[in-house]
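Pulled from TrEMBL, these are the features on record:
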type     : residues  : note
TRANSMEM : A:6-27    : transmembrane segment
TRANSMEM : A:34-56   : transmembrane segment
TRANSMEM : A:68-94   : transmembrane segment
TRANSMEM : A:101-117 : transmembrane segment
TRANSMEM : A:170-191 : transmembrane segment
TRANSMEM : A:225-243 : transmembrane segment
TRANSMEM : A:263-290 : transmembrane segment
Amino acid sequence: MDQMLGYFLYAMSLLTMGGIYAILALGLNAQWGFAGLFNAGIAGFAALGAYTYALLTTADSPFHYGGLGLPLVIGEMVAMVVSGMVAAVIGAICIRLRADYLAIATIGIAEIIKLVIKNETDITNGPRGINKIPRTWEHLTEERFYSSWPMSMFNTPEGWVSFFDSLPAWWWQPFFAATVLVIMFIFYFLLERARLSPWGRMMAAIRDNEVSARAAGKDVTGRRIEAFILGAVIMGMGGALLAQHLRLIEPTNTFDPAKMTFLVWVMLIAGGSGNNRGAILGGFLVWVLWSGSELMIKGSIDVIASIFSDWDPAILQTRAGFLRMLLIGLLLQLVLQKYPGGILPEKRPAVSGRNAKRAGNRE
Amino acid sequence: MLEFVNFYFIPGLVLGCIYALGAIGVTLTFGILRFANFAHGEVMMVGAFLTWTFMDFMTGAGLALHPLVAAIPAVVIAIGVSVFVDRYFYRPFRKSSPIIVVIASFGMMLVLRSLVQVIWGPNQITFVKGIAKPNGAIREATSDMGMMILVPDKHLLIMVGTIVIMLAFNYILTSTRMGKAMRAVSDNPDLARTSGINVESVIRNIWVIGGFCAVAAGVFLAMDTQFIESTMGFRILLPIFAAAILGGIGRPFGAVAGGLIIGLAEELVAYPWIGDAPLISPGYKSGIAFMIMVVMLIVRPSGLFRGKVF
Amino acid sequence: MRVMKRILFGSLAAAMLVAGSAQAQVKVGNAMAVTGPIPDLVAPMVAAVDLAAKHINEQGGVLGESYEVVRADSACDPSAAVDAVTKLINVDQVLGILGPVCSGATIAQAESVSIPAGVVTLSVSASSPAITSMESGTDLVFRAAASDAYQGVALADLTLASGIKEIAVSYANDDYNAAIAQVFAKVYEEKGGKVVAMEAHEPNKASYRSEVQTLSKGTNALALFAYYGSSGITIMRNALETGAFDTFIGADGMLAQEVIDQIGAENLGNATFTTSASDDTTDAYKAWQALAEAAGVPAADPFVPNSYDATFMMAMAIEKAGSADRSKIAAALREVANAPGEVILPGEWAKAKKLIGEGKDVNYVGGAGPQDFDANGDVQGSFSKNTVVGGKWSATLIK
């Protein structure tokens with residue numbers, strides 16, 4: 001029974017993290033898939049969102065600025081706004097750079113964001129990070145929430161305490177996972193609308209042939225900046241949700257570009273760039289592989305050890321973590337070569353008949 | 001003034017030499033194959049590990065090898081690895097969008113690094129033991145002239161080595177058939193192909209030269225820090241990218257200049273230019289290269305030496 | 001889409017099958033930063049955890065079953081730690097967590113996963129003062145390593161006692177080193193010392209020559225807070241090469257044979273590093289040292305005795321709780337670790353098992369100190385100062 005509940009809760013955690021990564025991949029899809037903007041600073045925007053959310057919603061703390069103790073929704077909204085505003089500034093300066101250059105510039109900018117978070121200790125608590133970040137639904141069990149409006153309207157603090165005690169300890173986990181998924185679907189829905197709208201078709205035109213789009217009188221730079229901001233806003237939300245899930249964020253390892261930025265790119269490319277459903281699929285698929293591979297490798301080493309029982313598997317066990325990275329790297333090569341357009345390749349709007357098929361194979 | 005030269009300028013120059021050698025490979029692949037090769041740092045690291053392995057092996061056989069001697073077989077193997085990786089992991093994407101190759105190279109970075117970690121383990125390995133004291137002869141000679149220059153032997157070797165490699169590289173690029181073909185492909189791949197240049201063989205040469213410089217950078221880095229470990233390449237990869245951009249993509253000498261500038265800048269910002277404290281907190285040290293790079297990209301994306309802009 | 005669903009569910013099912021195939025054992029989770037920024041520090045800690053499990057199983061195991069340590073990779077990273085501990089608690093159904101190595105990862109996994117699930121975390125090395133105040137009355141987080149709030153004070157006292165009145169401070173900008181450097185500098189100034197310069201440095205750079213030169217104005221003593229592998233050795237080497245500093249003071253992160261092997265004992269005459277461990281004047285440390293040396297585990301490396309102690313105490317707590325019940329472990333942990341009771345030394349599992357079975361009080365005393373938990377689940381710790389004697393670190397107890 002416990003074991004079944006355990007699997008259920010692990011599945012909830014996979015859905016939560018997969019959903020958060022799917023949101024980040026959707027944001028990247030708005031930038032790369034729609035507009036061809038090579039943003040390699042995903043971790044930087046996620047960090048902005050996460051830190052904004054954390055500073056606004058945590059309870060007052062001696063370690064960092066604030067916490068202002070604001071409602072969670074306000075924290076999430078401001079996280080999106082801050083991430084979008086920074087993207088607007090970066091976009092205004094860097095957007096005219098072509099693909100690889102924009103990539104390297106955004107890597108640099110993300111790294112600078114990380115360094116600022118790390119060094120401005122008075123505001124962010126530096127490398128030690130911010131903890132006790134409230135998580136949606138679970139936060140209701142914190143005293144500062146149930147003893148104040150609006151929860152205090154429905155029940156006394158004592159009443160709430162006994163109510164929460166009557167629930168199983170994990171009650172909020174499915175709700176939190178569902179919340180992440182709902183937010184993901186809202187972004188998906190909005191992005192699909194945008195993709196099929198005249199704006200989306202103009203984006204595809206600019207991406208595929210900038211010169212002719214410009215000749216047709218389109219404001220190429222303006223549209224590009226819009227797509228950059230749109231993606232960054234979504235990434236800011238992804239960061240805010242990540243902060244909720246982890247409950248502690250710190251700059252060095254949480255927002256390590258070699259892990260986070262890379263993983264999101266793999267998700268989008270594997271899922272199919274330009275295709276919102278592909279981004280979501282890639283998010284879940286790659287996260288499940290990433291997280292599940294540890295269990296699989298551990299299991300395989302046990303199997304190997306039981307077959308070759310006279311051989312000491314200790315060296316493999318201590319190096320299992322590296323074996324995992326090795327396999328992920330090789331798997332990525334396989335996906336890239338087998339599915340160059342992603343698993344769900346882009347489907348172009350407003351192209352009919354024979355052309356649609358050809359356009360669908362575009363990479 | 002002397003303090004400035006000894007403790008800020010010379011160390012900056014040494015760091016710059018290492019960045020410069022690394023940046024040559026990056027700028028060549030970027031200029032000709034049109035992608036930022038994230039696995040380049042791992043080639044440096046693999047080269048240093050192989051060098052150490054040969055040194056260790058020969059020490060076991062009772063022969064103490066100098067790192068630069070042990071680096072010769074390491075160079076051969078590292079070039080082999082580069083060509084192999086290109087053949088099976090990059091070549092299938094020659095016609096695809098560059099982002100695919102960038103991601104493939106990022107994957108190769110993980111693969112190479114974890115391979116080294118599985119084989120050699122994640123721990124630091126001592127490359128050269130002890131503390132390098134300043135070269136006595138130079139110190140005597142310069143202190144007679146009233147300006148005592150303190151520079152250890154390992155730094156002399158690194159600087160001289162870099163100059164030798166530069167000169168050889170200059171000769172290859174300007175005076176040999178292969179070098180001319182490389183420059184032609186770099187300037188315009190399609191034109192080069194139609195004029196009968198074998199582009200694939202040029203690409204192979206890129207990996208040979210890039211691999212050679214990468215191993216040299218890795219071994220020099222190991223000689224300087226005197227230890228090796230599996231993330232040593234990745235740690236200096238981003239400053240190397242910055243150096244390549246600063247110099248102008250596809251411009252090997254630009255990359256050298258860029259490397260020297262970035263190396264010097266990283267050391268010189270800790271100089272107390274104003275008052276007693278470092279100019280910029282050393283906590284921001286790794287931001288210096290990015291700052292220079294971002295500013296450069298905005299002000300003059302073609303780099304100092306009029307590189308290519310895609 | 002169909003293909004993908006198959007892959008998705010296939011891999012999920014495979015993961016679960018493999019994980020579920022293990023037999024019924026007494027399992028504890030061990031989330032260690034096997035990959036990540038400090039794999040070299042963690043490797044001997046992992047060996048110490050396995051050594052403790054081996055000793056326990058050789059002497060009868062826990063609750064009559066074998067004591068299995070399930071390892072996962074927390075990579076010093078909150079998101080990896082949360083994922084790893086989620087799997088340990090839910091899929092592997094472990095009874096307790098032997099903690100992630102880094103403080104940030106420890107707090108994240110505790111707040112996000114293990115406290116909500118009601119599982120005890122016993123950290124082997126998280127030393128951040130923030131852990132003391134984080135858990136707000138749940139009593140589920142313990143640690144076998146002393147808080148920096150204690151070690152920073154001990155180190156400041158030691159520095160002043162050895163006659164160093166002026167010092168420069170350089171610390172790596174990460175959760176562990178930044179925390180202990182702040183405590184040290186504050187206490188050192190309060191007690192009459194003078195910090196002439198204090199700068200953070202970015203770890204993992206190839207050269208720190210300019211930084212050490214700028215710091216060296218007016219003193220030859222450097223308080224260095226860094227991991228030896230990511231910047232510590234390089235800074236010491238750069239400082240010695242340029243003659244900027246010749247006296248070094250520091251904490252656990254610098255304490256490894258690696259430092260002597262690389263820099264050379266002849267250059268380390270004035271290097272003193274503290275660590276939260278005893279020295280060989282105590283019986284507990286002697287017992288630990290003998291066991292560790294027999295197994296080839298470096299006994300004096302940072303947090304290695306703590307790792308052994310944590311694994312051992314967790315087993316004692318499960319034995320004391322009498323059943324594989326997560327909720328009873330916290331209380332049992334306090335009982336077996338704290339005085340009063342018959343003293344149990346490292347390796348004495350058969351004795352501990354027998355006494356617990358007879359219902360007697362036991363008190364574990366480990367190689368890293370007496371390991372008595374206070375109300376916050378912290379240990380006071382005893383500290384030793386380490387200097388180089390004959391090419392090895394030699395520890396002497398302070399206070």
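Cβ from N, Cα, C; glycine included.
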How about long-range neighbours of the transmembrane segment (A:170-191): same chain, 6 or more residues beyond its ends, C-beta under 8 Å?
5, 9, 12-13, 15-16, 19-20, 22-23, 26-27, 29-30, 135-138, 140-141, 234, 237, 241, 244-245, 276-277, 280
Among A:34-56, A:101-117, A:225-243, A:263-290, stretch most in contact with the transmembrane segment (A:68-94) (C-beta, under 8 angstroms):
A:225-243
If we skip the immediate neighbours and take only residues 6+ beyond the ends of the transmembrane segment (A:225-243), which ones have a Cβ under 8 Å from one of its Cβ atoms?
19-21, 23-24, 26-31, 34-35, 37, 39, 42, 45-54, 75-76, 79-84, 86-88, 90-92, 95, 133, 180, 183, 187, 194, 199, 203, 249, 254
Quick tally over A:34-56, A:101-117, A:263-290 of CB pairs under 8 Å to the transmembrane segment (A:6-27) gives the top stretch as A:263-290
